[in-house]
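Record features (TrEMBL):
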ACT_SITE  Glu101  active site, nucleophile
ACT_SITE  Glu105  active site, proton donor
DOMAIN    21-215  domain 'GH16'
CARBOHYD  Asn109  N-linked glycosylation site
SIGNAL    1-23  signal peptide
Amino acid sequence: MGSASKLYLLVSLVAFSAILASAAGNFYRDMDITWGDGRGKILDNGQLLTLSLDKPSGSGFQSKNEYLFGKIDMQIKLVRGNSAGTVTAYYLSSQGPTHDEIDFEFLGNLSGDPYTLHTNVFSQGKGNREQQFHLWFDPTADFHTYSIVWNPQRIIFSVDGTPIREFKNSEKLGVPFPKSQPMRIYSSLWNADDWATRGGLVKTDWSHAPFTASYRNFNANACVASSKTASSCAAKARASGNNAWFSQELDSTNQKRLRWVQKNYMIYNYCTDKKRFPQGMPPECATANLS
């Protein structure tokens, strides 16, 4: 290889490394606390982030980067004790009236009662694709890993490596799929006692405030889309040697794990809610899209 070719290769690799992010997370480098007037804190030299909620305000943060496809991991320890009325949201989202969004929301509950893990997918501004779960462990006792794999074929929601939901690309059925709008990571802890716990029947008990959620071990093995077009970002991801997520699907073992979760821990699935869709179920519900 000539010197000119070697130089070109070196420049290409340097440019490529700026596109694909897969470094161990540091919250000072990766996130901005965006609201809460001091209720959000970055601690332990950037290795820990906490959000707090009291009666005057909650708090939140967002990623410095925007991403277009990738595998996003975050370890979260949820609000302990009586968390009724609180919501800890962790999601990817673009902006505007036709935004795309991939949601984890953790709905608090009375002490001893399980959290509800609420998931949703928005594409071109349309959501209404909720699935809800209880968890098979106490999410307040320790940190657990909540992951999103997002590639052009599917979105996979996982908890501690166990898939709980798969949303496949069903554009052939006329269902929009998030594939062209880069999204930031957002998280917030806020009061939603008008709906979060038992439809709003159980209100937040402010005598337990402040409520705190903790975050660590953020990792984004993903395409950083800032200042790049969607197509070039995806092309870089396809060319990477560290891109298993770009074509990831569920093998037979993980399909069994997904069915186990959905059989034993799913408490709501929009695809079985016929009363909600009297004019006909969403077209993706007729496929194997939602096991």
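A Cβ is built for glycine as well, from the same backbone N, Cα and C atoms used for every other residue.
Sequence features annotated in TrEMBL and their locations in the structure.
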residue : record                      : contacts (Cβ under 8 Å, 6+ apart)
Glu101  : active site, nucleophile    : Tyr91, Leu92, Ser93, Ser94, Asn120, Val121, Phe122, Gly127, Pro178, Met183
Glu105  : active site, proton donor   : Val87, Thr88, Ala89, Tyr90, Tyr91, Leu117, His118, Thr119, Asn120
Asn109  : N-linked glycosylation site : Ser83, Ala84, Tyr115, Thr116, Thr197, Val202
